[in-house]
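Here the structure is laid out as structure tokens; the discussion comes afterwards.
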Amino acid sequence: MDAMTLLHERSSMGKLAAPAPDRDQLDALYRAALRAPDHDALTPWRFIEFSGEGLDRLGELYAKAEQRLNPHIDDGHLDAARKKPKRAPMIIAVIAKVTPDHPKVPRIEQLLSAGCAAHGILLAAQAQGLGAMWRTGHYAFDPTVREGLGLAEDDELVGFLYLGQMGGRHKPLPERDPSDFVERWS
Ligand SMILES: Cc1cc2nc3c(=O)[nH]c(=O)nc-3n(C[C@H](O)[C@H](O)[C@H](O)COP(=O)(O)O)c2cc1C
């Protein structure tokens, strides 16, 4: 796939099947992430890769988060939370590792770099014929989940990237006209 086609046609895939990306594919995903624009070369990101029992452990964290939000939650809802990570054979959590009060690089720039790293992973997934979807949901901001994943106070969980083999077809791309979004000063 040529670069412009990839950039114009990237699309999320919610239906994801086993197997998870293999080591070579993952290496290519991370290399794409590491080419994110990065002011002052802070590399303000880290990644946690979940597969197999790791997905169960993440599900347990989700259930713990729900229980803290609602101590009377019923087993059905707890189970639903536990199963959420099982929607894919692999999840990569992208975490912005923020250096607070940096003299040159404000927080927003560090968050944007980590977001670009996540986008790099999505693009590299599609380039390799894999399916991918960026999710957050309330869990990305939940204190129990943040603590369980070892986030420092200034860090942000930018997203959970669900990855796997394409389990369906991409939905049609929306028709968008660039001129609706562009103002020209010339
Ligand atoms: C930061 C971020 C968080 C997102 N979180 C969710 C989410 O929790 N659930 C969801 O269905 N889509 C979420 N999305 C949107 C999807 O990843 C996807 O972009 C959207 O469904 C549009 O599909 P497309 O990427 O094929 O255009 C999120 C996107 C971003 C950038």
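Cβ coordinates come from backbone N, Cα and C, glycine included.
Taken from TrEMBL, the feature domain 'Nitroreductase' applies to 10-164.
A coil conformation is recorded for S11 (FMN binding site) in the three-state DSSP classification, outside any helix or strand. The number of other CB atoms found within 10 A of the CB of S11 (FMN binding site), across every protein chain shown, is 15. According to TrEMBL, the FMN binding site annotation covers R10, S11, S12, R35, H39, W134, R135, T136.
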* To do: Would you report the average pLDDT that the model assigns to the domain 'Nitroreductase' (10-164)?
  => 98
* To do: Would you mind sorting out which binding-site residues among R35, H39, R135 put a C-beta under 6 angstroms from ligand 1?
  => R135
* In three-state terms from DSSP, label H39 (FMN binding site) for me. => helix
* Taking residues R10, S11, S12, R35, H39, W134, R135, T136, which bind FMN in the record, the widest Cα spacing (Å, whole number) -> 28
